[in-house]
Amino acid sequence: MNKKSKVVSYNKWGYIFLIPFVVIFLIFQMIPLVSTIYNSFFENYRSGLTQIGPNFIGLQNYATIITNGDLPTYFVNTMIMWIMGFIPQIVLSLLLGAWFTDPSLRLKCQTFFKTVIYLPNLIMASAFAMLFFTLFSDSGPINSMLIQMGVFKEAYKFMGNEWSVRTLIATMNCLMWFGNTTILLMAGMLGIDPSLFEAAQVDGATSTQIFYRITLPLLKPILIFVMITSLIGGLQMFDVPQILTNGTGDPMRSSMTLIMYLNKHLFSKNYGLAGALSVFLFVITGILSLIVFKFTNSEKVK
Amino acid sequence: MKRRLVSLLAIATMTATMFAACGSSDTAATDTAAPADDTATVEAPAEETAELPEDTGKVLNIQCWNDEFQSRLKSHYPGYEEVDATHGKIGDVDVVWTITPSTDNAYQNNLDEALLAQESAAADDKVDLFLVEADYALKYVDTDYAMALSDLGITDADLADQYTYTQSIVTDSNGKLKGSSWQACSAGLIYNREAAKEVLGTDDPDEVQAAVANWDKYNETAAKVAEAGYTMCSANDTFRVYSNNVSGKWVQDGKVVIDKNIEKWIDDSKALVDSKAEDTDDLWGDDWAKGKNPEGKVFCYFGPAWFFNFCLNADDDASIASKGGWGYCVGPQSYYWGGTWICAATGTDNANLVKDIILTMTTDKAVLKDIATQDQDCVNSKSVLADLAGSDDGNIALLGGQNPYKQLADGAEKVDLSNISAYDQGCNEEIQKAAKNYFQGNATKDEALDMFKKAIVEKYPELTAD
């Protein structure tokens, strides 16, 4: 009956070491998540200095968001701007990553370049957006240059055209994040066994073949990670378009993102509607991440 | 992600810096230059009011959105000593300034929190004074958070010399006056004299006024201005003129109503923008500000007296203002723009001091005249303005020595604020943003108006729009 196992169990240490994470997760992630969902069932906002609610209204906030039909528009805006920024970003990063990790190129001043490409990420997005706002304003330097070069007769209103605004935002996102992506991809590429490259070279593979047949397939886990983090980051796009368009998402809200829309509700401290919107965002993010994960994982071996 | 949060916090600061030139925030530069002598002695109000409890507060907390009032107090309130940018002293009371820029509604958000916490706040943290602008004055005035001036012992007789409109803005729905201002912000058309000579053949204020006396004439002149290679102004400049002359409130029975005159603004402006006589620059931005220098080729700005001193870059040698190149006339319609009102917060523990500040800064004629001559402000006193209009003290260098006080005073008499509502700030802002889409050809008028309604319902969930 009283047989005690002589094997010392170290399992409890595992749990003890997990405590800090669990506590932080509960306080900073779980509780906000649950309270957001809880809040979404209430009518709860401020009108001037008068607090309205909280009154329990069930799923009405969700109904409001679905029926006013704005969510798909802003979702599409967000995805368009994310894709416009992500494609050049991943191409650029793959190229740079391949160059930096290729020992046969013997690139000089590698550290310098690695630092330089990371620098835009250190600038605050708001400052970056301000800079672009000033550069591309009607009487800004870009317009003066283009007029002097004879490209335009009069100032082009960059902020007054749907696609120019979207392009500016995508460009900024690309510039800000390609350094970060490059570093991630480089880490992935350096993790590939060099003997594979050597073997391929001995077998007479061209560098293009090596890149497509060896580097890319073995890089897949990192690529998936980059895709998913960038997608989540993209869905949360806020500061760049917010500052560039002064919070309007103009023209005609064509560059308004989901989080900018969420921010509109925070003006009147509308916690109910904002909560419901956040739950939608949570679901959308989850679904998209799953799709990306499944999609990139499906063709494992053909 | 974390960086995103940090940048969010930074947004307020960033934009605040960018818009630092706007509104009335440049006062410090000019004011600190002026000697802060208080030669005008101010007699303390003689009448005693028994009802006011003795001041117990050691700290006077003032909430505001820029340093305008601070510099006024510094230069014109007897006994105010500056300690640093956000602290001062009056006698043995510490004055603490909480300055929150109004960009992105930050000032109001901050003030809301402070007022909502007023009851439970420690004595030294209670708000004593706060400032409001016309656009949202009612939001605060129509609550118990602002004290009625009569409760402070300020009588109608004290305020008799003020313009009626400056009082109707801050009168709550029970008819109680809850704030007082030193400014009367009747506004007009500030034109570029060079451009006027070139286009109209004269820069005389009366003759320019004749050329813009009503909207038809204004549009005719705008066409000539455009032909001469100038732009008249931005469509947003004329917005206030139309919106101050509406026939009803923005919000009636919980529903947003777009007034005929606002529609007229949209139609008139669209025609002018299409004919390149006006542009669509946002107020306070770089593109909008280019007209402050001659090469900007802008014919006019619409603005009140605070515009002269704060907004025309008179201290920049390249500007039109530094050469006295502006002229002032009333323009197509009388209107007002902006203004700062001082309100006493309920629960203040410095009631006597608050009362004295309000009386001194907004009713003392010597102080008001000082403010007018030092800072080119249009002060809230009929007799002081009449006095200035009749003397050389009222001549303003950046207007080429013109004395605008007669027109300003006449304008202030005509301002009618019966149609102001607590939602004006949001509505004015959103209609300008929405209309810009129509002006720039990105939407039809109806689409733009729908966009406006959508934005308003987002901002004020209790309203309906259709």
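Placed from the backbone N, Cα and C atoms, the Cβ positions cover glycine too.
A TrEMBL annotation is a machine prediction, not a hand-curated record.
Residues or ranges marked as domain 'ABC transmembrane type-1' by TrEMBL: A:75-292.
A Cβ distance under 8 Å defines the sequence-distant neighbours of the transmembrane segment (A:12-38), meaning residues of its chain 6+ beyond its ends; these are 275, 278-279, 282. Marked as transmembrane segment by TrEMBL: A:12-38 (among others).
Annotation comment: TrEMBL describes A:79-100 (among others) as transmembrane segment. Away from its own ends, the transmembrane segment (A:79-100) comes close to residues 107, 110, 113-114, 117, 166-167, 169-174, 177-178, 181-182, 184-186, 188-189, 211, 215, 226, 230-231, 234-235, 237, 241, 255, 257 of its chain (Cβ-Cβ under 8 Å, at least six residues beyond either end).
Positions annotated as transmembrane segment by TrEMBL: A:112-136 (among others). Sequence-distant contacts of the transmembrane segment (A:112-136), counting only residues of its own chain at least 6 positions beyond either end whose CB sits under 8 Å from a CB of the stretch, comprise 96, 100, 142-143, 158-159, 168, 172, 175-180, 182-183, 239-244.
Marked as transmembrane segment by TrEMBL: A:168-190 (among others).
The transmembrane segment feature in TrEMBL is assigned to A:210-232 (among others). Away from its own ends, the transmembrane segment (A:210-232) comes close to residues 82, 86, 89-90, 93, 98, 177, 181, 184-185, 187-189, 192, 196-197, 200-201, 285, 288-289, 292-293, 296-297 of its chain (Cβ-Cβ under 8 Å, at least six residues beyond either end).
Under the heading transmembrane segment, TrEMBL lists A:271-293 (among others). Through the fold, the transmembrane segment (A:271-293) approaches residues 33, 36-45, 53-54, 57, 61-62, 64-65, 71, 75, 224, 227-228, 231-232, 235, 258-259, 261-262, 265 of its own chain, all at least 6 residues removed from its boundaries and within a Cβ separation under 8 Å.
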